[in-house]
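Features as listed in TrEMBL:
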BINDING   G104, T107  Na(+) binding site
REGION    1-22  region 'Disordered'
TRANSMEM  32-50  transmembrane segment
TRANSMEM  62-84  transmembrane segment
TRANSMEM  96-120  transmembrane segment
TRANSMEM  126-149  transmembrane segment
Amino acid sequence: MAVRPLAARPGRCYPRRAPAAPTGDPPVNPTLLIAVAAGGAVGAIARYTVTSAVPRWLGHGFPWGTVVVNVAGSLLMGLLIDIMARRWSAPPEARVFLVTGVLGAFTTFSTFSLDVVTLYERGALMAAALYVAGSVIAGVLALFAGMWLGRVLL
């Protein structure tokens, strides 16, 4: 009688498997996690401050606060990436604090998405479309501008 593989035996959906071999990836560095968390706190507070203040200056009918933080964050990201690539060999703790933590928490795709849906549900289809196109274009251009500033000024 031939032995069938476990998966082919009646009553078995999946074969039993040996535990996966370690991938060789190092464990997460607790210092880097703390740097990300600290940067995230700074970025979140900055985002809250900016998104609370901007509507007082530009009005409440459009999500200007989100536009400002996303475009400013893209500009700062471009500047930081260029500086770290060409001028400053930042230690990993500084990189994750600034880029993943501060700028990751400062900019916000989820709020951007909510703003688009809110404009759509209000019937402001043109405003929603302009918001999407304008935010994406402005964000990409701001990142390029930040990189350019890094090259010109430093």
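Indices start at 1 and increase along the chain as displayed.
Even glycines carry a Cβ here, placed using N, Cα and C.
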Mapped DSSP class for G104 (Na(+) binding site), helix or strand or coil: helix
Close approaches to the transmembrane segment (32-50) from elsewhere in its chain (Cβ under 8 angstroms; 6 or more beyond its ends): 65, 68-69, 72, 92-94, 96-98, 100-108
Neighbour count (Cβ, 10 Å) for G104 (Na(+) binding site): 18
For T107 (Na(+) binding site), nearby residues of its own chain (Cβ under 8 Å, 6 or more apart in sequence): R47, V69, N70, G73, S74, M77
